[in-house]
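Since the structure comes first, as structure tokens, the remarks are kept for the end.
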């Protein structure tokens, strides 16, 4: 018996280590802490200290006897002081921490189940030792007892229901839950239930230490919780942040990011401006949430989405779209060599022919800042009728009107070098990539004396000046400019009807035009008494609408060179286009121009002056097309002038591949539909800086980008997505109902001879046609000398 009595304390110490750990805290805790402290806090810290200090088996036995006495006292006195309640194990401490309303019942239940729980916990000595180490560290860092208890006994949501049932009497499975989850899931439960189940017992702690304890709990919960819980919490925090950040960012996005808002609205309809605001506000939240949830999105994906949006917008047309069935009623690009247009002109050829189809033009050398001339020349020489006309000049068809010193002849020689096929002889072969247009650049003073080859100029102004010079060279002296072949290619006729609101008189005018100028933004305002800086329309005339007026330099085109599609005002545009980032549709501006417009009298008594009643009054103006040009030049006014300086409007532009103007024509007998031929692009911030390039359609139907000396293949889709277009060239599609001019045999033979001469001019590398011209000149001189001899 003596041996058993001596071994029994050792066995009890090993088997009931958690019990001795808790019992030792009583004496230490009763000496150090106040009676007002929470029982679970005092008992828990005492357990840790007593376990570290006790080494005698007799002390362990004494503590066991004292615990039994205190348990009986607690059962007999349910309303006794809470400082006397001593948990027997970690599970009993759990019950004390998680129960608020029925703490006495929890104490009684814990006393009854202490033996079972202690045996279950004692079978895991590593966990108890790790608990002791953690408790010791926590005591050094923080003097509060409840902090260490939270570190280990935080419940999870799944076990809370079991613990509530344990308070009512179903506490049998608590020990199993603790043994399974004490080292795995307690940390997960801390982050979830810190504000749900532990808030009520925390209210009994001193107010001075509540804030510090809450901060420590958050730190411990984040350090103990598993990776999955951390990710879930971060996702929840991100979602909360998204909702708050989105509310703060939305007002700024509504002011600054108008491009996305407008692009969404225009997808619905360009005319439904009132519906835009409602639809955009709903759709704006989707990209914000997607960017927040997905984190950093792929920039390539964003670019592709933007490109798709731009393409969808650009493919839309306010005017009736040209469908495949409609296109079958027209001669397609380069389909019939005998296609001479819808105006029955016998002087123009609208298709390239078989010989040009196999040729590739060359680039043009940049002399420093001559990209504006190169882009304009490339756009003009990719018009089939212009190129055929220039080759006819080289073959001497227009020797009676065009001299060799003219700008037209210089341009013809430049075009010949551009289209010259590559020779098999390397000595005679020129550069296969580009040519030097030095002779054409040297004639810049004759084209426009206000321009300089050492300074960046306006490419559209150069194009119009070159067109004007070609028209002047092609008309004999004493003849009208509308008799020129240039008028057959670019010329149109506009009819304007102005009705006086005072007397009801109607004024009708007809004016030729060579391009259509579109403003991109501003208010509609008509000033008929303005000078040449604005586009005046007083019922009898219209000035030019190029970027800088051609009235001073080219009087031949100053009276009727172009039509301002913003109704005569430099500030006119669609009222909806107030944002600089809003995409501009040329179809909408054309429609706005041809709609009836009210000309109002302003405060300065400026308005329409009636020729009949001689009053300055209100009037209604209506415009229509009498003659649609074979080649339509659309100019976009992207530059504004403030005295001596200019600025560029950052306005994205959309334009269709096919443009329908039938509804704006006076006669509806023939449909008026156009196909895109060339796009000249300006890249830069101002008129005096930047760079010009040209997207042109090749004779074989493909598209190419001409960047001075460099030529790159480009797709038709990329051409339509170009946001920096400055001016565009459209060619009119000839309906198949129009008879082709093949009736007379003389015309047919003339066409064959002219075609053979053009092929000869292209194929022969050097000036063989010039030798023929020199022989003719020698014959003329010989005839003159012969006449002089006979007269003598």
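Numbers run from 1 along the shown chain.
Glycine is no exception: its Cβ is also placed from the backbone N, Cα and C atoms.
These come from Swiss-Prot:
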type     : residues : note
REGION   : 2-27     : region 'DHR2-binding module'
REGION   : 64-87    : region 'Disordered'
REGION   : 103-320  : region 'Disordered'
COMPBIAS : 107-129  : compositional bias 'Low complexity'
REGION   : 109-145  : region 'SIR4-binding module'
COMPBIAS : 144-171  : compositional bias 'Basic and acidic residues'
REGION   : 167-208  : region 'UTP22-binding module'
COMPBIAS : 172-195  : compositional bias 'Acidic residues'
COMPBIAS : 211-220  : compositional bias 'Basic and acidic residues'
COMPBIAS : 226-241  : compositional bias 'Acidic residues'
COMPBIAS : 288-297  : compositional bias 'Polar residues'
DOMAIN   : 362-733  : domain 'USP'
ACT_SITE : 371      : active site, nucleophile
REGION   : 526-563  : region 'Disordered'
COMPBIAS : 530-539  : compositional bias 'Polar residues'
COMPBIAS : 540-563  : compositional bias 'Low complexity'
ACT_SITE : 691      : active site, proton acceptor
COMPBIAS : 749-766  : compositional bias 'Polar residues'
REGION   : 749-792  : region 'Disordered'
COMPBIAS : 773-792  : compositional bias 'Basic residues'
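The residue listed as 'active site, nucleophile' falls within a helix when secondary structure is assigned with DSSP. For the pair the residue listed as 'active site, nucleophile' and residue 691 (active site, proton acceptor), the C-alpha distance works out to 7 angstrom. Taking the Cβ of residue 691 (active site, proton acceptor) as reference, residues of its chain lying under 8 Å away and at least six apart in sequence are, in sequence order, 371, 682, 683, 684. In the predicted model, residues of the region 'SIR4-binding module' (109-145) average a pLDDT of 46. A strand conformation is recorded for residue 691 (active site, proton acceptor) in the three-state DSSP classification.
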